[in-house]
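Now, the feature entries from Swiss-Prot:
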BINDING   28-35, 94-98, 148-151  GTP binding site
DOMAIN    19-260  domain 'tr-type G'
MOD_RES   HIS596  diphthamide
Amino acid sequence: MGRRKKMVERVTTLMNEPEKIRNIGIVAHIDHGKTTLSDNLLAGAGMISKELAGRQLFMDSDEEEQERGITIDASNVSMVHTYNNEDYLINLIDTPGHVDFGGDVTRAMRAVDGAVVVVDAVEGTMPQTETVLRQALREHVRPVLFVNKVDRLINELQVDSQEMQVRLGKVIDHVNKLIKNMNPEKFKAGWKVDAAAGTVAFGSALYNWAISVPMMQKTGISFTNVYDYCKAEDMKALAEKCPLHATVLDMVIRFLPNPLEAQKGRVPTIWHGDANSEIGKSMASANADGDLAFMVTDISIDPHAGEVATGRLFSGSFSRGMEVYISGTARKSRVQQVGIFMGPERLEVEKIPAGNIAAVTGLKDAIVGSTVTTLDGMTPFESIRHVSEPVVTVAVEAKHTKDLPKLVEVLRQVAKEDPTLQITLDEETGEHLMAGMGELHLEVIAHRIQRDKNVEITTSKPIVVYRETIKKKIEPVEGKSPNRHNRFYIYVEPLDTAIVEMIKSGDISMNLPELERRQKLIELGMGKEEAKGIVGIHNSNIFIDITKGIQYLNETMELILDGFEEVMRAGPLTREPVANMKCVLVDAKLHEDAIHRGPAQVIPAARQAIQAGMLMAEDCLLEPYQKVFVQVPQLTMGGATKELQGRRGIILNMTTEGDLAIIEARVPVAEMFGFAGEIRSATEGRAMWSTEFGGFDIVPTSIQTEVVGQIRERKGLKRDLPKASDYLSM
């Protein structure tokens, strides 16, 4: 215990010296060695025993993580490293590499300033490497590179010293190419990784050694020596001469920014308030004496302390008992405890100043993405934008009726802990629906509900999440209120792809100042009148009012938008969410007496005009796709391509590297169930594969009627397709 206590003392001292702090994340493709690297860094810092490092998976503290051998949540830990005889505080977040848990990576990137990108020397950069690098650059998080599993190049692939250096050079070039393509400005500003400069390290996380150019200069060890040690399988000696933690953490301290340097550049990216205001200046300078500005990036449940909100403190200081505002809520909250994480343990401290990652209890109203502040009316931080969308749903029921109230509360909690999970109640069937990033994501959540929350549940077979959209523009449709006194004339048309992308990325939203939003839309080709008339955005759909001088319309607009949002949540074809559509109100006739234009009159009138309009505009289904990357020996390539094409997959690219074939395909999620078993048998168990979200596309006409019929039947609707007249005659 003495060692741990001493560590806490060192951590709490360094917390107050921002230039000595590094907030970093470790990111990579699944199985490239992030968690093993994290454990060895902790061992080097004296947090866990060196014998267990790489095998203990301290960061994978959850049973499910150890069992499946993957990281599911992002884990936090604070530790101390000595560089040039000075102590530094490193707040480290280990993130998942599996595509189903990408939401954790996105949120972790908001909390950190730098990232160690881990790439397997044998596999090279993979789809998730690209995804996590893109997320880091988007959040203004600076990368350095660690090329892992160098020993495998030498001992398994039997490459010589020269070939090893060529292969490592290729990995570096590929990472730089990605950075350059994703963000040319940052690349020009020196954000590339460069072995000669020292921003790249090579090694083996499993065998606890790493080398970099500065480390070579310090120890006299060359690439040839590294090759000889690996060939002789004497990696223990190599680990003594070039310990992994020293090489990697030296690189982190030397090349990744401290909060004072980082926040100057990061704050304008993640906060769009007035940079010259007191709070703007305070965040840019990580001022511990300014108003509090804290961004929640994770919510976890502690059995004793309740909800723990973890996040990045950009300004001010947290201490017990202080009162704070939480964005989106009216009342104040009182902070109960403040602390830091040491892996699974949360340690209480008296005070945490700006520039640190803090864990706080007492913020019951906070959700992931909340802004916590002492300043009433502060502009909140930009919302966290996730790269993928939920594509698979299961229905969840309590096994025993007595557990139903508990299940409702538990689902509320898991949705808070994991914002990439969508929980909805199907009003018609009474089922709770849980939508997630993939089968594995939902399996893990279901298992945790039973294990951690003690609620026995049954789940349905996974169902694909579809979207509805339209194919063409139509003339305005009249929607009448039930009392016939109010009429709305609305037309619908597909929304331009460039605008859809800007809405999805958060660059266009109702939170933007109106003039700024209007300007962006005009630049994207929208007419001035329409850009000025936007009154509502729901998911990737917009509602525009271009009417002129209609009496009582202002006080009715909220109800019209309620009708619009109802249809956007459940379209007329299959009651699935609507995407990529523009609704335009061109005229309205309203009763002068408010009693005759209440919710029961206005909402159905607006709703029916949009529903009928969508059916006239060729309402159709969009289905989610996954990009699938398969690595197989060339001999079994035929089996792999046949398997992908048999699932309505389109082969996008095929390359060869040595005797390996790399296939890139795009396959509908509906066809991916059971893929793991089938691809193994098609390739004699020799395929390695991974997936990433591949967007939505229109369901082929040949199967559309069948798919629509199945969805309608499942939801208890008539199998026959609805007609526009079904809505207009109501």
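Including glycine, each Cβ sits where the backbone N, Cα and C put it.
When the recorded positions ALA28, VAL150, HIS596 are scored by other C-beta atoms within 10 Å, ALA28 scores highest. Across the residues of the domain 'tr-type G' (19-260), the predicted structure has a mean pLDDT of 80. Taking only the Cα positions, the spacing between HIS596 (diphthamide) and VAL150 (GTP binding site) is 75 angstrom.
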